[in-house]
Amino acid sequence: MTSHLKKVELHCHLEGAAPPALTAAQARKYGVDISAELRDGAYVWHDFASFLVCYDKVSEVYRTEEDYALLTETYLDELAGIDTIYSELIVSPDHGKRIGLGADAYISGICEGIRRAREKSGIEARLIVTGERHFGPESVIGAAEYAARAANPLITGFNLAGEERMGRVADYARAFDIARDAGLGLTIHAGEVCGAFSVADALDAVRPSRIGHGVRAIEDLDLVTRLADLGTVLEICPGSNIALGVFPDFASHPLRRLKDAGVRVTISSDDPPFFHTSLKREYELAAGTFGFGDAEIDAMTRTAIEAAFVDDETRKALLARI
């Protein structure tokens, strides 16, 4: 249905993209029992709490620089196989520290995976360093400082993820100031678990060019108009939203309504195998379920490239491929 279309992804958590087959091999390598979390080639969870447990258990089997190179390469190879030309991966140097690998080795492994994948298929990728709300403002500021001083050409953006209900967006504004001053692109998770107010708070406190999810802005039509007027880009992940119960079904999902209202929207997969989806499926949903034609889908893909955290030369080259 969309196999002939070029694809771009702006919102995907690296550990959340771990292919089940690779995770199973990694678990065997380290002698880790993941039978409760991985059955018949699929990740198993039944509510948000068990999703987090499953996610953490899967992350446990990626431990070394080479493990992260392999994970990154494998996912980007999968994307390249469906004609994806660009991917932004959400990564957490804090996670690298927590598992004892270290932030630098964690990032180095991921960058090596990007290099290997690009060498094979030409796929471009960049990294968005994320702070995690549930670890508090100081931790998030530390993540921003790491991204700012890394001087790594593949680190081009900064994000805030984690539990949306932990603190006000304003509590984390300093981290975004640090990232902005370093020339990093800004995006933030909002309007997913929490309502439209969290999107408004993000616009007020952070002034991001993009918002991760943002779909619950639909609950406030004045806010929808504001998003359209500002040109703020939403990184929308329909499969994730349904899997987590943000909306009960695709018929009630606001992707089409947001786009028709003039909001700049893009398509991503979030944590694809955990939500039994993929970027390929998300594009197919756009066509088959939401009724977008090829030209409309290409327009969303161009929007993603226009909003990507890349230099102008790379952006121009990517746009030429659509």
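The backbone N, Cα and C atoms fix where each Cβ goes, and this holds for glycine too.
Predicted, not measured: the structure shown is a model, and the values here were computed from it.
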Matching residue for the Zn(2+) site, where Swiss-Prot names HIS11, HIS13, HIS189 - out of ASP104, ASP270, ASP294, ASP298:
ASP270
Cβ packing number for HIS13 (Zn(2+) binding site), 10 Å threshold:
22
Which of these recorded positions is closest to HIS13 (Zn(2+) binding site) if you go by CA atoms: GLU192, HIS213, ASP271?
ASP271
Between HIS213 (site 'Important for catalytic activity') and HIS189 (Zn(2+) binding site), the C-alpha gap once rounded to whole angstrom
6
Within 10 Å of the Cβ of HIS11 (Zn(2+) binding site), how many other Cβ atoms can you find? Include all protein chains, please.
28
